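Going by TrEMBL, these are the annotated features:
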BINDING   B:Cys3, B:Cys6, B:Cys22, B:His25  Zn(2+) 1 binding site
BINDING   B:Cys277, B:Cys280, B:Cys289, B:Cys292  Zn(2+) 2 binding site
DOMAIN    B:2-27  domain '2-thiouridine synthetase TtuA-like N-terminal LIM'
DOMAIN    B:50-220  domain 'tRNA(Ile)-lysidine/2-thiocytidine synthase N-terminal'
Amino acid sequence: MKVLLRNPRRTVEVSGPATVNVVLDRLDIHRESVIVVRGDELVPGDTMLAADDEIEVRPVISGGALDREVPS
Amino acid sequence: MKCRACREPAVIDIRRHNANFCREHFLRLCRDQVAKAVKEFDMLRPGERVLVAVSGGKDSLALWDLLLELGYEADGLYLGLGIGDYSDESGTYARAFAASRGARLIEVDLREEYGYDVPTGARAARRAPCSACGLSKRHLFDKAAIDGGYDAVATGHNLDDEAAVLFGNVLHWHDEYLARQLPVLAARDGFPRKVKPLVRLGEREMAAYCVLRGIEYQVEECPMAEGNRHLHYKEALNQIEARSPGAKHDFYFGFLARASERFRDGIAEEQGALLSCERCGAPTPSEVCAFCRLVEKAAGAQPVTIGRRGAHR
Ligand code: SF4
Ligand SMILES: [Zn+2]
Ligand SMILES: [Zn+2]
């Protein structure tokens, strides 16, 4: 399956079928630091993804300066 | 994975609450947590007008949406910071959200109105970009809120942000910051009230909220944010949280309930001696405020280019 990663934007290929959690483990990505999106839906960790699925793994940790008045 | 409330399939797990939620119950949880924070810390009263500091990112757009959902009269303020494509894109998300909700978005463009952008102003004033940026934001949000007669400025700081800042402030014992790290700062002469209604929600929840509400937001990081130390604090706290869910919540809310008061003695005297800026009238400890000095230094400076297409076209 195609996995879109962000910051910077790039795509990697992961073999499937596999659950979201397995895909994240294979990419060595911590579950709590991302959300996974397919199309416009949020997919939870136990969802089985097909070999031809396309997903986006979106980081949720914003690193901008926190003395900033407007967080991201 | 089933929803704790209705046993339907869940879309998100929240380890801190040791529970999973379906879309409907998760959105309800977010609204309830904001309503609870607002009430607990007396942030806003019914009928008050709020100005939301909107960056185009997940937190500020989720905050705006939640306040509108809860029935507040909430307008947005977006500042054009001139940070290359990052700013251009962020602005489109803010505008698209406002249009979709029929909400009012006020826009202030730094370059158009004050003759500089963040990268240029930072270099001209020999400040770190985030410092020049933060100074500009504070000044312009305060001004817009006072000029527009708003009762409060709301920012999208979430639990992860507040816990990371607290961690840094404790690590280095910045007691003057600890004294002011509160979810509400009351209005005082010339400054509007500041509120942080998202303090009971984590950043993963805010990203999920946006996806579930169909809110498109700026996912990329600001190119000036690199090497920020708060990111390391967040990573450290997330490791602790992974082993002990709820640790961030306990750290932050424990501080508010049990320790925050002890740091507050110092701030009263520090607040005493404010003048009004000779140029713009803003409250300031010196004759000319830091913002006006930044504008002055940046005037006529060679523009700094940033982003794929550059900041200035
Ligand atoms: S990361 Fe720094 S420069 Fe970028 S928007 Fe945030 S405060 Fe401004
Ligand atoms: Zn449910
Ligand atoms: Zn001034």
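Quick reminder: no glycine exception, Cβ is built from N, Cα and C everywhere.
Just so you know, TrEMBL annotations are computer predictions that nobody has curated.
A map of TrEMBL features onto the structure.
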residue: B:Cys3; record: Zn(2+) 1 binding site; DSSP class: coil
residue: B:Cys22; record: Zn(2+) 1 binding site; DSSP class: coil
residue: B:Cys277; record: Zn(2+) 2 binding site; DSSP class: coil
residue: B:Cys289; record: Zn(2+) 2 binding site; DSSP class: coil
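Its Cβ placed at the centre, B:Cys280 (Zn(2+) 2 binding site) has 14 other Cβ atoms within 10 Å. Listed binding-site residues: B:Cys3, B:Cys22, B:Cys277, B:Cys280, B:Cys292. Those with a CB atom under 6 Å from ligand 3: B:Cys277, B:Cys280, B:Cys292.
Taking Cβ pairs closer than 8 Å, the domain '2-thiouridine synthetase TtuA-like N-terminal LIM' (B:2-27) reaches residues 202, 205, 208-209, 212-213, 241, 245-246, 248-249 in its own chain, all 6 or more past its ends. All protein chains considered, the CB of B:Cys277 (Zn(2+) 2 binding site) has 20 other CB atoms within 10 Å. When the alpha carbons of B:Cys6 (Zn(2+) 1 binding site) and B:Cys289 (Zn(2+) 2 binding site) are compared, the span between them is 55 angstrom. In sequence order, B:His139, B:Glu278, B:Arg279, B:Gly281, B:Ala282, B:Thr284, B:Val288, B:Ala290, B:Phe291, B:Arg293 are the residues of the same chain, not among B:Cys277, B:Cys280, B:Cys289, B:Cys292, whose CB sits within 8 A of the CB centroid for the Zn(2+) 2 site. The Zn(2+) 1 site is set by B:Cys3, B:Cys6, B:Cys22, B:His25; from the centre of their CB atoms, other residues of the chain with a CB within 8 Å are B:Lys2, B:Arg4, B:Ala5, B:Arg7, B:Glu8, B:Ala10, B:Phe21, B:Arg23, B:Glu24, B:Phe26. B:Cys289 (Zn(2+) 2 binding site) is surrounded by 22 other CB atoms, counting those within 10 A of its CB over all protein chains shown.
When the alpha carbons of B:Cys22 (Zn(2+) 1 binding site) and B:Cys289 (Zn(2+) 2 binding site) are compared, the span between them is 49 angstrom. Minimal Cβ crowding within 10 Å, among the binding-site residues B:Cys6, B:Cys292, is found at B:Cys6. Sequence-distant neighbours of B:His25 (Zn(2+) 1 binding site) (same chain, 6+ apart, CB under 8 A from its CB) are B:Cys3, B:Arg4, B:Ala5, B:Cys6. Among the binding-site residues listed (B:Cys22, B:His25, B:Cys277, B:Cys289), B:Cys22, B:His25 have a CB atom closer than 6 Å to some atom of ligand 2, in sequence order.
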